[in-house]
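**Q** Encoded as structure tokens, here's the structure I'll be asking about.
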Amino acid sequence: MNLGGTVRISRCGMLTLFGLCVLIIVYYVATNHQVKGSLANTLKSQLRFNKKPQDKFVDMGRLLAVAIEVAERGGNVVKQVRRDSDLNLKSKGKTREGVINPVTDGDMRSHYEMYFGLKKMFPQLTVISEEHMHPTAVHPDILPISGHNAEVERLTITELDDPVQMDDITVWIDPLDATKEYSENKLQYVTTMVCVAVRGEPVMGVIHQPFKQDTGVTYWAWAERGHSQTLKLGKQPEFTSSQLPDPLKVLVSMSHTGGKTEVLAKKAFGESTKIVPAAGAGYKALATLWGEGDVYLHTTLIKKWDTCAPNAILRAMGGKMTTLSGQTINYAAREEDKKEKIEDGLLGAAFFHNLLLEKVKKAQQT
């Protein structure tokens, strides 16, 4: 019995085998490169967003991710308090116009969540809030902050560090904007807001609408870097130096309807001007971007925590916000700049801010 023999491989078979090997190698190299690239980006992201904050510098991408998270957490608390029905409504006093300035458990519990959430991640950060801690208040047990946001990480994935000195940063928070309307169940106007100012300039803004849709909607923008997919500009109105849209839509505070602000608006923009009553600086700024109003006009005292996030978002989207005298607003926390009040009104617009401001100035002079 002969078990021996020879095995012959044809030239054609050898070429086929060689070609198959080449294809396998090419496929491996290509896919491995993609995996490595993806892995590298993932590792960069993890390094960036998981590293511990340094005392002197702040990673701005990480700060924005945390700001978004605490605004949404504050919004969740605001919704929970509203569902409980007992708001524990109190008065902080009256405004100069004689309107009661209310505060609720929603304001305070949102403040705790937002303020201490930021402080948990950035202990040395300067954070200024509309609400203030009661001397006997117990430090709340804040759950861990993830500090991750996929949209933000896509903006920053190519840069491991975007550090800014801690001393140059001031964060302004409004734990519940439109408290009066919150207590009246006009919930479409309610927002929670966070703003990051660098050397006085508002560069990051977060506005969260907790009662919009089932889970709330968050809008954010980072100057010269990008913005959330939720932020969209409405159609640009047709403006010329001599011809305004007819009628021009002017967003004013509900409590100012029929008063000084409405008189000034019609004097500046014409009797056909359409007054659009609304509440909350955050909502009104968003409404100018959506096209519900052409300009946001405010003629009385307003606080910086009301305006910082709206200002940052308008700026990042190509709009502008100034006082009625045309001054930019300084949000730095240095002692000489630490005034919380804006005394001479406000004008914000997504388009043609300077033209609209000039018309208001002329109306004030006559």
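Glycine too: its Cβ is placed from the backbone N, Cα and C atoms.
TrEMBL annotations: computationally assigned, not manually curated.
Pulled the feature table from TrEMBL, pasting it below:
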TRANSMEM  12-30  transmembrane segment
BINDING   Glu130, Asp174, Leu176, Asp177, Asp306  Mg(2+) binding site
**Q** What are the non-local neighbours of Glu130 (Mg(2+) binding site), defined as same-chain residues 6+ apart in sequence with CB under 8 A from its CB?
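**A** Listed in sequence order, they are Asp107, His111, Ile173, Asp174, Pro175, Lys303, Trp305, Asp306.
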**Q** Looking at the binding-site residues Asp174, Asp306, which one has the fewest other Cβ atoms within 10 Å of its own Cβ?
**A** Asp306
**Q** Let me know how many other Cβ atoms fall within 10 Å of the Cβ of Asp177 (Mg(2+) binding site).
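**A** 27, counting other Cβ atoms within 10 Å of Asp177 (Mg(2+) binding site).
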**Q** Given the recorded Mg(2+) site (Glu130, Asp174, Leu176, Asp177, Asp306), which additional residues of the same chain have their Cβ within 8 Å of the Cβ centre, ordered by sequence?
**A** Ile173, Pro175, Ala178, Thr179, Thr191, Thr192, Met193, Gly280, Ala281, Gly282, Lys303, Trp305
